[in-house]
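For reference, the structure discussed in these notes is given below.
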Amino acid sequence: EEAVFLRKKITLLRAFSLLIGSMVGSGIFISPKGVLKNSGSVGFSLVVWFACGILSMLGALCYAELGTRITKSGGHYIYILETLGPLPSFLFLWAEFFAIRPANSAVVSLAFGRYMLEPFFAPCAAPVSAVKLVSLLGYYTVLTLNSWSVTWSARLQTALSIIKLLALALIIVPGMMLLAQGHTENFQDAFDRQSLVLDKLPLAFYAGMFAYSGWFQTSFVREELVRPERNIPLAVIVSVITVIVGYMLTNVSYYTVLGTQDVLASPAVAVSFVQRAFKSLISVLPVLVALSCFGTMNGGIFTFSRTLFVASREGQWPPLFSMIHIRRHTPLPAVMLMFPLVTAMVCIGDIYHLMNFFSFSRWLFIGLATLGLIVHRRRHPELHSPFKVPLFVPVFFTIICLFTVAMSFYSDPVNISIGCTMVLSGFPVYYLIIHRQMSNRCRSSFYYLTHKLQLLLEVVQQEIKTY
């Protein structure tokens, strides 16, 4: 009885919560080990953390301008499509669906399962099969919620963002108290040059940037934002600064309590920290960390479903995935599509290999998106943007992204080659299916199947343009 479309339900507070909830997830609780391992020393690892924060801020500012210039949802995909054309945008979509997003979701889900079970098995490690089972249960719960209601997904994200900041505070406060009491022995000889291996630095940056990843999430839901011209830049700037400060203090707290070998040996750094510094919270903090990962899963499903929704609307994905549930007003088919791949990666994957696997493709396409901002400015100098960054910001950020991607071939050639192959495999698919028109017989069979699924899922095409 009413028009079916995605409502504008994301206010400034919800946008801020979406960004905080997406950035502060499993990364700060698992990435310190990866950053330290590949940077070689405490001092250099802190430099990497700060540099990753600054890079994230530059990238977030570029995306804030893109979000005010291009009024469609879809994030990286729509920015590449509108600036560089359909082929690179489809390659991103292909890599994102088959590699980047399921691997990222699997990493966060596995961290959720590990931290959720930690209090029940301490001091022993939780069984791998139990971790994977709980990881999948958590992911399926979030998937169901996003299929059910946009409002409740947004409310959950706001509540979990508060829990995330509380979890960081429980690490920062005792660490700063010990540091104030003079416990600085773990910072002696912090910049040990002999342990620095330059060709491993890209992997350290991948681990650090994974912890900050999420600063681009508002760009995926641009059409559902209230007053996007104002709220996108404001939410981005405040949230990234908040996370940089929180992450730096958290890492200083880790190193105040734990030595280098303790961090490298720990499967769950936050739990090792509590065991050493604040034993009364040994059963509380892992649960808070698990809920933090739960919020990151929620934000990831919420935003990536919009990418599939927009790609379907643009004709580069099956039309079923641009449909909305007639009563729930959620993009139900797009939300549900990811669960088979995520299930497979959770069952067979390892956190750190998965992280390197998807980071190559992610930062390649983020670099292309910011390159697209430069191209869009040259093509449309007459276009007025309510938010504009200096030209050197997208230029510098693009160079850093592409340079890091190139260097990573020397650091982890196996996983990076797999990621590169995944991207290149999209070429024949694009030319055989997207670029080339299907025969009438294939088209009839395809639309028959779509119609049956549409009836089963109770979904229809969006009736009102929101861009």
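Cβ from N, Cα, C; glycine included.
Listed in TrEMBL for this protein:
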type	residues	note
TRANSMEM	12-30	transmembrane segment
TRANSMEM	42-64	transmembrane segment
TRANSMEM	76-100	transmembrane segment
TRANSMEM	120-142	transmembrane segment
TRANSMEM	162-183	transmembrane segment
TRANSMEM	203-221	transmembrane segment
TRANSMEM	233-257	transmembrane segment
TRANSMEM	277-297	transmembrane segment
TRANSMEM	332-354	transmembrane segment
TRANSMEM	360-377	transmembrane segment
TRANSMEM	389-410	transmembrane segment
TRANSMEM	416-434	transmembrane segment
Positions on the same chain near the transmembrane segment (203-221), where near means CB under 8 A and six or more residues out: 10, 15, 18-19, 21-23, 25, 27-28, 31, 33-35, 37-39, 44-45, 48-49, 51-53, 55-57, 59-60, 63, 66-67, 73-76, 79, 104, 107, 228, 231-232, 235-236, 239-240, 243, 247, 296, 299, 302-304, 306-307, 355-356, 359, 362-363, 366, 404, 408, 411-412
Other parts of the chain folded back onto the transmembrane segment (12-30), taken as Cβ under 8 Å at six or more residues beyond its ends: 107-108, 111-112, 115, 154, 157-158, 160-161, 164-165, 168, 210-215, 217-218, 221, 225-227, 230-232, 234-236, 238-240, 242-243, 246-247, 250, 268-270, 289, 292-293, 295-300, 302-303, 351
Of 76-100, 162-183, 233-257, 416-434, whichever stretch has the most CB pairs under 8 A to the transmembrane segment (360-377): 76-100
In contact by Cβ distance (the transmembrane segment (233-257), the transmembrane segment (42-64); 3 or more pairs under 8 Å): yes
Long-range environment of the transmembrane segment (76-100) - Cβ separation under 8 angstroms, sequence gap at least 6: 63, 66, 70, 216, 219, 304, 307-308, 310-311, 314, 316-317, 337-338, 341, 357-358, 361-362, 365-366, 368-369, 371-373, 375-376, 379, 419, 422-423, 425-427, 429-430, 434
